[in-house]
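Scroll down for the structure; my scribbles are underneath it.
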Amino acid sequence: MNTMKTTYIVLELIIAVLSIAGNVLVCWAVAINSTLKNATNYFLVSLAVADIAVGLLAIPFAITISIGFQVDFHSCLFFACFVLVLTQSSIFSLLAVAIDRYLAIKIPLRYNSLVTGKRARGLIAVLWLLSFVIGLTPLMGWNKAMSGCPNSTNETGADHGAGHHGCFISCLFENVVTMSYMVYFNFFGCVLLPLIIMLGIYIKIFMVACKQLHQIELMGNSRTTLQKEVHAAKSLAIIVGLFAFCWLPLHILNCITHFHEEFSKSKPEWVMYVAIILSHANSVINPIIYAYRIRDFRYTFHKIISKILCKTDDFPKCTTDNNQHLTVTNVNAPAASVTI
């Protein structure tokens, strides 16, 4: 094993540990702090669960694949597809949060009755199901079985056809997943399109908020709460932006590989390693953003860590002074409030 691959594996293991620790902290915070139990944060928990799975399962799979060991074709294909499931779940969670924030600021009077915790949990279940369908699509036939298996042999040295489970190959991502799936279906249809939709939603959120701030004569308190809503939208938009920053390089490399086959043969090995590490590092970022930008999470993280380090018996309840509420207020109407 060369130095570059060893460095890659060490960095992946560090990312895995940080991802698991940080996102378990997010789930723990929502579980113990009642002010964090709302539809928006349920979507963030879904995102955290996907990031935990990245650290717990996807990164070990990625390390295994990078080694290129000999394994049954469909087992290798499952390893390769699993990270696609988690990526798709993250995309859907971010899209759900964007739509949730748009509804909160666009129809504040109906928001609380329309967006409930029960509906959010049901939607999360549906989105995870869709993520599995999309991510595991290569297992249904859109893969490199025909080109990957005919010349491969099993442990006894006997040749096997593409459709047989005894087909053993060197388990590398590009040996099992077609670039046509990765580029046209996964990237263009299931990653880039939702990112463009989210960009449009957040632009619309800021336009609506600015219009309300400038055209409606709000009372001091109402103006403050609307500004808090805008601050929250900015925090979530940052998360989307960082997701795009971390994942687009890998997808761009896939596009170049697909449209320029000679690049796939000549590209430096380190380029792909950097792109993969960057994509996995995204799973570490979100808890940091929550702690830095969202007061409720910061407060609860502090209490959890204090409890662990100081061995305190009870978890102190949050006071309203330490909570950041996302509230959209309409003139002459009660506020629709949700805390994240």
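Cβ from N, Cα, C; glycine included.
Going by what Swiss-Prot states, the adenosine site holds Glu174, Ser279, His280, and the candidate of Asn186, Asn254, Asn286 recorded there is Asn254. For Cys76, the partner cysteine in a disulfide bond according to Swiss-Prot, taken from Cys149, Cys167, Cys171, Cys190, is Cys171. Note on Asn38, Asn154: Swiss-Prot annotates N-linked glycosylation site at Asn154; no matching annotation appears for the rest, which is not proof of its absence. According to Swiss-Prot, of the residues Asn33, Asn151, Asn151 is the one noted as N-linked glycosylation site. In sequence order, Ile65, Ile169, Cys171, Asn175, Val176 are the residues near Cys76 (disulfide bond), counting only same-chain partners six or more apart with C-beta under 8 A. Taking the Cα atom of each, Glu174 (adenosine binding site) and Cys310 (S-palmitoyl cysteine) are about 48 angstrom apart.
Between Asn254 (adenosine binding site) and Cys310 (S-palmitoyl cysteine), the C-alpha separation comes to 48 Å. Calculated from their C-alpha atoms, the gap between Cys310 (S-palmitoyl cysteine) and Ser279 (adenosine binding site) amounts to 35 Å. Remark: the transmembrane segment (268-291) makes no contact with the transmembrane segment (120-142), by the rule of 3 or more CB pairs under 8 A.
Just so you know, the Cβ of Asn254 (adenosine binding site) picks up 22 other Cβ atoms within 10 Å once every protein chain is counted.
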